[in-house]
Amino acid sequence: MNSTEPDSDRVTRTDRLNAPEIADVQALARAAGDADGADPFDEHTLLRLRDPHAPTHHLTARTANGTLTGYAHLDITNPTSGTGVELAVHPAYRRRGTGRALARSVRAAVTGPLRAWAHGDHPSAAALAVDLDYRRARVLWQLRRPLTAPIPEPPLPDGVTLRAYRPGADDDAWLALNAKAFADHPEQGQWTAADLQARRDEPWFDAAGFLLAVDPAGQLLGFHWTKIHERPGSARIGEVYVLGVDPTAHGGGLGKALTAAGLAYLRDQRGLDRVMLYVDESNTAAVALYERLGFARWSAHVNYQLG
């Protein structure tokens, strides 16, 4: 463990957090999300926060009395291609130099390229990125749609049927299809059995809402994995969590049919009235598909790179 001393708070780096420290970070994330309208850490980061074996560095900023004022998460799974970074400062302790101190500590802790996410694309994050020579490299859109509006009912391709995912029995086939469908995706396509199991262990997991498209021989051709977000004080919202189609099945309308089937499940079986999804700005085909299905842009999440 080592530390640096910024102007206001003490920034400390460690490879593992204990239970009280994890609780502090989770509370900070909730406060920042409530204040900013966008959660500062994605699901991947929150899962690794609790995993003592994850290849991760943690940077915490605290006042002299030990109050957590800021946190930065460094994912060092593949430092050659770039260390992943997510950072947040507690709303009550902003404009004190904490964010800049954490960002500088991140640079001091890493020798290779950096890939930092700014969820919500806030002006302060953009200004800090410019000051520290990061370049805007990638944008994810969050799109939303009311489920009270009519949902299209496009037909499935001939011979294709839908069924629910079977935990354990479908794992290998789904992982293979996921890797194939997201071969060019920097995160999703690299999922392992451990990544799948980690999501299955989460309270939100619902096998009935994990829809698989199969051909007459039982081979997986596509999937729509739905998720429901529940947060105290907020209305529930569904998510098109992961949607994938085998490249050999592209062009037959399977993606549209899977999307519609998942939306109908969230509305009819789970009683939801709204849904969201994330899509890369550069994936113009997917953006066009979702817009035709009634989705509209809600917020942006920006990836900044250095080195």
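Cβ from N, Cα, C; glycine included.
What you see is a predicted model, and the numbers here were worked out from it, not measured in a lab.
Taken straight from Swiss-Prot:
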DOMAIN    12-157  domain 'N-acetyltransferase 1'
BINDING   Leu87, Ala88, Val89  acetyl-CoA 1 binding site
DOMAIN    160-307  domain 'N-acetyltransferase 2'
BINDING   Leu243, Gly244, Val245, His250, Gly251, Gly252, Gly253, Leu254, Gly255, Lys256  acetyl-CoA 2 binding site
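Structure coloured by features recorded in Swiss-Prot.
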residue: Leu87; record: acetyl-CoA 1 binding site; CB count, 10 Å: 25
residue: Ala88; record: acetyl-CoA 1 binding site; CB count, 10 Å: 25
residue: Val89; record: acetyl-CoA 1 binding site; CB count, 10 Å: 26
residue: Leu243; record: acetyl-CoA 2 binding site; CB count, 10 Å: 21
residue: Val245; record: acetyl-CoA 2 binding site; CB count, 10 Å: 23
residue: Gly251; record: acetyl-CoA 2 binding site; CB count, 10 Å: 10
residue: Gly253; record: acetyl-CoA 2 binding site; CB count, 10 Å: 15
residue: Gly255; record: acetyl-CoA 2 binding site; CB count, 10 Å: 23
Structural state census, the domain 'N-acetyltransferase 2' (160-307) (DSSP three-state): 52 helix, 46 strand, 50 coil
Please tell me which one of the binding-site residues listed here (Leu243, Val245, Gly251, Gly253) sits closest to Leu87 (acetyl-CoA 1 binding site), measuring Cα to Cα? Leu243
DSSP residue counts for the domain 'N-acetyltransferase 1' (12-157), split into helix, strand and coil: 49 helix, 43 strand, 54 coil
Within 8 Å of the Cβ centre of Leu243, Gly244, Val245, His250, Gly251, Gly252, Gly253, Leu254, Gly255, Lys256, which other residues of the chain have their Cβ, at the recorded acetyl-CoA 2 site? Gly222, Ala249, Ala257, Leu258
Shell of the acetyl-CoA 1 site beyond Leu87, Ala88, Val89, same chain only (C-beta within 8 angstroms of their C-beta centre): Leu28, Ala32, Pro40, Gly70, Tyr71, Ala72, Glu86, His90, Thr98, Gly99, Leu102
Cα distance, Ala88 (acetyl-CoA 1 binding site) to Val245 (acetyl-CoA 2 binding site), nearest Å? 35
Compare the Cα of Ala88 (acetyl-CoA 1 binding site) against each of the binding-site residues Leu243, Gly251, Gly253, Gly255 and report the nearest. Leu243
